[in-house]
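Below is one structure, written out as structure tokens, with a few remarks after it.
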Amino acid sequence: MSSRSYKRVLLKLSGEALMGEDAFGINRSTIVRMTDEIAEVAALGVELAIVIGGGNIFRGVAPGAQGMDRATADYMGMMATIMNALALQDALKHKGVDTRVQSALNIDQVVEPYIRPKALRYLEEGKVVIFAAGTGNPFFTTDTAAALRGAEIGAEIVLKATKVDGIYSADPNKDPTATRYARISFDEVIVRRLEVMDATAFALCRDQKLPIKVFSINKSGALKRAVSGEDEGTLVHV
């Protein structure tokens, strides 16, 4: 069995990752595969918190939101993340993984509100905690929510699951000579103008000395390898 390099981690999942090959919504086989990977990591004894996006259902900055009040559109996006969190919780339940959802928006009949001491207790008890509704405020992305919650719970690293297997010197889909960085500092990312997270989220991680690992969620076993400290994806360090 693989060993863990981190005791407590924050996993950022995009809503789009749940679509799989579909154009919208939640692809069942994709969410089942993701929960297999999450369950495998939880079995290592890693304290795992997850922030999930809502882009597979609605995004405040998407073309469909054009003409809408930005705050209203962002609140709709937050509610989309709650739907995704419930779907992920249900799928994890079927794997026997004890999971709690905490929302930054109060919907008491559906999910419990975000309360930091409770979240910490759940993690210490070995439960997976899913943070929904972003930060609870418009104009902030779920990347920023991941950085914020990661800092609040004392995570040792933010694991950003994407469609590419790390940070490259250029777009690998356009430039065949693009190379993947195994490790890169926060300062180097800024100098090279590489895209990792939105500026607010990136600055928060940098200020809190919270490393980020970017890896592909579509690569089998990548999450476990990232948690085990293997050469998977790209590590952004201080």
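Easy rule for this one: first residue shown is 1, then count along the chain.
Note: Cβ is positioned from N, Cα and C throughout, glycine not excepted.
The ATP binding site annotation in Swiss-Prot covers K12, L13, S14, G15, G55, R59, T162, Y168, D171 and is backed by sequence analysis. Cβ neighbours of G55 (ATP binding site) (same chain, under 8 Å, six or more residues apart in sequence): S14, G15, E16, A62, G77, A80.
Marked as UMP binding site by Swiss-Prot on the basis of sequence analysis: G54, D74, T135, G136, N137, P138, F139, F140, T141, T142. Over all protein chains present, the Cβ of N137 (UMP binding site) has 15 other Cβ atoms lying within 10 Å.
Taking Cβ-Cβ distances under 8 Å and a sequence gap of 6 or more within the same chain, the neighbours of T135 (UMP binding site) are A104, T144, A145, L148.
In the shown protein chains, 19 other C-beta atoms lie within 10 A of the C-beta of T162 (ATP binding site). In the three-state DSSP scheme, S14 (ATP binding site) is classed as coil. Counting only residues at least six positions away in the same chain, the Cβ atoms of G15, G77, M78, M79, A80, T81, M83, N84, T142 sit under 8 Å from the Cβ of G54 (UMP binding site). The CA atom of K12 (ATP binding site) is located 18 Å away from the CA atom of N137 (UMP binding site). Between the two most distant C-alpha atoms of the annotated UMP binders (G54, D74, T135, G136, N137, P138, F139, F140, T141, T142) there are 14 Å.
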